[in-house]
């Protein structure tokens, strides 16, 4: 299997052209290649496939083998993958995902993609669609308790569920202890990604994320979009803000005209190779 390892702000996946090669049992392959000791090492596997409704189709799998709807960092890399490999000559393309069709605008320098702006679509605020068990609409400051920990969560879906809460010091927060408790909380029928956010100023927030099925990662694009949405809903920031993640910064904008969230950030190729599976 030929592959390319890429990352968006350190959120790394193994990318495979599944148009020119047949990939069977991607769930197991993802578990294998993701292993940082016995595999290649990544947060998961991304397949680029043909699409009947868009330029390309993306399927992505977490390091535990589960399939995910969408990943903002991964989709930026998909744009770079197909452009840099001359699978397309368009700098604006559409990608089919389980969370719908996403449109990417790519900034190209010297024939290579350096930045990708993604139309992430409208944030979903309806409790049953997120899904979260709540009577509120939108779900702002829903008090949720797990063991001895209690937080007020604002819940948003960007095609995948996110629960966002605000804390004083995100760097020193014991995420690996508390994140998993809320990821699998009964309030979230499909589990959830959990974001802990520190407010820096009215145009900057800093976050750490516990990703559903992957644990803490250096960055989560849909998480950054959900955090911006929650922060606007709570009146903390304006409609355009810098979201600081462990792996770097994303610029997120909630456009008032079309109600869509736009995410701009880098995409980086690490190396290419071939592996027996």
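Yeah, the Cβs are placed from backbone N, Cα and C, and that goes for glycine too.
If you check Swiss-Prot, you get these features:
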type	residues	note
BINDING	11, 62, 72, 73, 160, 193, 211, 212, 221, 222	substrate binding site
ACT_SITE	71	active site, proton donor
ACT_SITE	220	active site, proton acceptor
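Within the set 11, 62, 72, 73, 160, 193, 211, 212, 221, 222 that the record links to substrate, no two Cα atoms are more than 17 Å apart, and one pair reaches that distance. Compute the center of the Cβ atoms of 11, 62, 72, 73, 160, 193, 211, 212, 221, 222, which mark the site for substrate; besides them, the chain residues with Cβ within 8 Å of that center are 68, 70, 71, 74, 209, 214, 217, 220, 223.
Ranked by Cβ neighbours within 10 A across all protein chains shown, the active-site residues 71, 220 are led by 220. Around residue 72 (substrate binding site), taking its Cβ as the centre, 29 other Cβ atoms fall within 10 Å, counting all chains.
Here the Cβ of residue 221 (substrate binding site) has 27 other Cβ atoms within 10 Å, regardless of which shown protein chain they belong to.
Comparing the binding-site residues 11, 160 on other C-beta atoms within 10 angstroms of each C-beta gives the minimum for 160. You'll find the Cα of residue 11 (substrate binding site) roughly 7 Å from the Cα of residue 220 (active site, proton acceptor). Of the recorded residues, the residue listed as 'active site, proton donor' and residue 221 (substrate binding site) place their C-alpha atoms 6 Å from one another.
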